[in-house]
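Report on the structure given below.
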């Protein structure tokens, strides 16, 4: 179940960042002017814009109709998205770009049906000692798709290219058709194998939470009064939003200072590769210790330092030294920043229990998405245009250094809020409930053993 669910989330992220990974070449492919760079940015931005309205429907379906229906809808929309995007493979006219963009919008609608269900998937299928690592896998594979896009899209799209840098029609067909076929396979697996929940509850908190009748209005009011959740809501929004905007614009950030699409692809891949290691380390640590706040602070501080180092290194034109400094900073950032997402999702469930996981999960992602839109648009607006030295009268995108400082400021603000979460000793309600249930079960077992022992002596 987790495999199918995680691969579906991976595909969402893969769709979102495919064109971001080949942005410069895609503009030449569809003959879009550099002054209209916003059109290519819409490929990523559409996922952020569509999230909030689609998330409302997704949260209702997960809560009222179940996990299986939500995942099936997500896979179906991804299936349709893949084949519509493929219809826009033709080179040389902006018209075909808009065909691909319409398919991209279908994929954008699919995302909340999967991302909002991450903690529900973990709660439905995994016990207390595996939940965080399951959430980590689900959240991380949703990010992993972006890394795969940056690593795979440039070489695939340039197959049969004359100069190895421009996109060929054959390359575009291979790139988009492979994704459409993957979406078709996932839909088939989802319909044939995915189930709502196991025959027996995986934990006592699962039974307790699902026995509570949830009123959305009352739950929202409770969340608004929950100080810890409000802090997490704001911090997650700023942190996730700035990180998402950064990864979406990585190509625009590095190309003006001498890097190329391949370099941007390597950086995107480095974030994900190191994120895989970090997610495993911090996910397992959270399952063993339940110290969500401590782990969030460690990841937050280290990722803020790494982000700062990258911003300083990218101030200078590309050299061997600055290149490896950027790679080192990106790797460190991937190691720590990607682990923040599952840790924050699980911490939100803990402090809001027994409110449905889909509600807290969905609100955090909504905050992150809205902040992503605002930060991405602000960063794009702040990018200057400089005269093209080769083609007089035309312009090229300039350095995004000032925009990077804005993203870094938002990220650091989020990290500075973490110490206020939970006070000196956070109260994790779900974990406490499970301890109480476990103690109750042990007490019942002890009484049962005592009675059995007395009956044995009576018979003797």
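Any Cβ shown, glycine's included, is placed from N, Cα and C.
Automated prediction, rather than curation, is the source of TrEMBL annotations.
Feature annotation from TrEMBL assigns signal peptide to 1-20.
Marked as transmembrane segment by TrEMBL: 44-62 (among others). Same-chain residues lying 6+ beyond the ends of the transmembrane segment (44-62) with a Cβ under 8 Å from its Cβ atoms: 12, 16-17, 19-20, 69-70, 73-74, 101, 104-105, 107-109, 111-113, 116-117, 120, 244, 248, 358-359, 362, 365-366, 369-370, 372-373, 376-377.
Sequence-distant contacts of the transmembrane segment (69-89) (same chain, six or more residues past either end, CB-CB distance under 8 Å): 4-5, 8, 11-12, 15, 58, 61-62, 96-107, 109-111, 113-114, 116-117, 169, 172-173, 176-177, 179-184, 186-187, 190-191, 194. Under the heading transmembrane segment, TrEMBL lists 69-89 (among others).
For 134-153 (among others), the entry in TrEMBL reads transmembrane segment.
According to TrEMBL, the transmembrane segment annotation covers 173-194 (among others).
Taking Cβ pairs closer than 8 Å, the transmembrane segment (229-254) reaches residues 17, 20-21, 23-24, 37, 41, 44-45, 48, 146, 150, 223, 261, 263-264, 267-268, 271, 300, 307, 314, 326, 337, 340-341, 344, 347-348, 351-352, 360, 363-365, 367-376, 379-380, 383, 397, 400, 403-404, 407-408, 410-411, 413-415, 417-418, 420-421 in its own chain, all 6 or more past its ends. According to TrEMBL, the feature transmembrane segment maps to 229-254 (among others).
Marked as transmembrane segment by TrEMBL: 266-288 (among others).
Below 8 angstroms of C-beta separation, residues 239, 246, 253-254, 257, 278, 282, 285-286, 289, 322, 325-326, 328-330, 332-333, 335-337, 339-340, 343-344, 347, 401, 404-405, 408, 411-412, 414-415, 418-419, 421 of the same chain, each at least six residues beyond the ends of the transmembrane segment (295-316), sit close to that stretch. The transmembrane segment annotation in TrEMBL covers 295-316 (among others).
Annotated transmembrane segment per TrEMBL: 322-343 (among others), in sequence order. Taking Cβ pairs closer than 8 Å, the transmembrane segment (322-343) reaches residues 118, 132, 135-136, 138-140, 143, 239-240, 243, 254, 259, 263, 266-267, 270-275, 277-279, 281-283, 286, 292, 295-296, 298-300, 302-303, 305-307, 309-310, 313-314, 316 in its own chain, all 6 or more past its ends.
Sequence-distant neighbours of the transmembrane segment (363-383) (same chain, 6+ residues past either end, Cβ-Cβ under 8 Å): 37-38, 41, 44-45, 47-49, 51-52, 55, 112, 115-116, 223, 232-234, 236-242, 244-245, 248-249, 252, 344-345, 348, 397-400, 402-404, 406-407, 410. Under the heading transmembrane segment, TrEMBL lists 363-383 (among others).
The transmembrane segment annotation in TrEMBL covers 403-424 (among others).
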Task: Beyond the flanks of the transmembrane segment (173-194) by 6 or more, those residues with Cβ under 8 Å of it - done: 1, 4-5, 7-8, 11, 14-15, 18, 68, 71-72, 75-76, 78-79, 81-83, 85-86, 89, 100, 152-153, 156-157, 159
Task: Sequence-remote partners of the transmembrane segment (134-153) [C-beta within less than 8 Å, at least six residues beyond its ends] - done: 2, 5-7, 9-22, 114-115, 118-119, 121-122, 125-126, 175, 247, 250, 264-269, 271-273, 275-276, 279-280, 282-283, 286, 338-339, 341-342, 345-346
Task: For the transmembrane segment (266-288), distant same-chain residues with Cβ under 8 A (at least six beyond the ends) - done: 17, 21, 129-133, 135-137, 139-140, 143-144, 146-151, 247, 250, 254, 295, 298-299, 326-327, 330-339, 342-343, 346
Task: Beyond the flanks of the transmembrane segment (403-424) by at least 6 residues, Cβ under 8 Å - done: 228, 231-232, 234-239, 241-243, 245-246, 249, 253, 293, 296-297, 300-301, 303-304, 307-308, 311, 314, 347, 351, 371, 375, 378-380, 382-383
